[in-house]
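Annotated in TrEMBL:
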{"type": "ACT_SITE", "residues": "354", "note": "active site, nucleophile"}
{"type": "ACT_SITE", "residues": "357", "note": "active site"}
{"type": "BINDING", "residues": "151, 153, 164, 212, 215, 247", "note": "FAD binding site"}
{"type": "DISULFID", "residues": "55-60", "note": "disulfide bond"}
{"type": "DISULFID", "residues": "95-130", "note": "disulfide bond"}
{"type": "DISULFID", "residues": "354-357", "note": "disulfide bond"}
């Protein structure tokens with residue numbers, strides 16, 4: 001899978017560029033106060049269905065199996081380890097574990113809380129030209145991303161599937177008749193899907209690949225930070241090869257795995273392209289990454305501009321002109337269509353039954369949405385005035401934090417993928 005479709009790039013050069021240039025710097029950037037705190041509303045109800053996650057975080061009840069549904073073989077022996085009680089206990093344990101692992105650590109120092117009030121004052125004094133529905137809500141809270149790393153939480157099963165299925169179904173512009181090889185529980189009739197996908201115009205194909213790439217990236221983080229065992233009551237986290245193979249091995253996934261990984265690289269290139277395009281916005285002296293600490297803010301900005309320099313130096317970018325090459329009217333409605341799809345995905349994320357998964361789902365969706373907003377706004381970015389806010393293009397603190405943390409997650413995924421490749425070679 002060395003050459004990527006829809007763009008002239010090979011995977012080795014992306015790996016090297018990411019490992020040696022991007023990854024170390026973006027890791028440092030994510031530790032700065034400006035990028036460490038993300039404001040998010042985790043209390044919005046799911047608008048599409050009643051949330052009944054495998055472990056709905058609020059109340060974790062297990063529905064006992066009705067007597068009539070229990071197979072005779074299981075009913076027969078009372079000492080059977082698959083008896084109803086044993087089963088429920090196992091589910092309850094899983095459930096409690098998922099509750100514990102999926103909960104948000106909302107610890108914030110008083111100093112941080114005071115700083116946030118100051119940040120809000122500063123942000124409000126800036127002009128805004130976009131909708132701030134989520135972060136203006138009284139239920140929105142700041143979360144410390146470093147205290148809440150993205151990793152395995154035990155949130156899985158039908159509830160998690162329903163969320164991903166809705167994201168693909170709602171947002172992939174797809175005719176209902178085409179079967180999508182997403183759900184591993186379904187029988188595989190995959191090829192017709194790919195012939196259909198190739199027949200789509202480039203931008204709709206891109207949309208599918210972006211979602212698939214995001215899905216692959218999130219799954220990679222879960223495989224790389226898996227709960228291996230509890231030792232001395234302390235959980236230990238690390239790579240889980242079996243889980244990695246289940247999701248990405250060409251044989252185990254009937255050829256699906258390499259495609260998913262290809263889409264991850266594709267998503268990386270799209271976000272990389274957006275970063276290189278948005279640089280002029282941040283190069284203006286009027287833009288500062290305000291936290292109230294002047295020296296630290298200047299350092300953070302220098303580090304960010306340094307990362308932008310690197311993104312510009314990468315020779316093989318996805319060419320988005322090919323993507324929005326239609327007439328002006330078509331491009332405008334496409335931009336609007338993409339924006340609405342992303343808004344919708346963000347609403348679907350409100351249906352994720354585990355707070356930590358919801359946090360990272362929302363952040364990465366907003367980051368990708370912001371990247372697309374940038375790619376759609378190239379002309380406006382070029383016309384920005386040096387010393388005054390622009391009516392044409394503006395990014396909020398939330399969008400900036402989401403954009404760079406989302407790209408940080410992709411950079412981490414590609415790094416983790418290389419570790420898995422090494423582990424695979426050793427295990428052979």
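A Cβ is built for glycine as well, from the same backbone N, Cα and C atoms used for every other residue.
Distribution of TrEMBL features across the structure.
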| residue | record | contacts (Cβ under 8 Å, 6+ apart) |
| --- | --- | --- |
| 151 | FAD binding site | 101, 221, 222, 225, 226, 227, 237 |
| 212 | FAD binding site | 259, 260, 263 |
| 215 | FAD binding site | 164, 260 |
| 247 | FAD binding site | 219, 223, 253, 257, 260 |
| 357 | active site | 102, 153, 155, 160 |
Between the recorded positions 153, 164, 354, the one whose Cβ has the fewest other Cβ atoms within 10 Å is 164
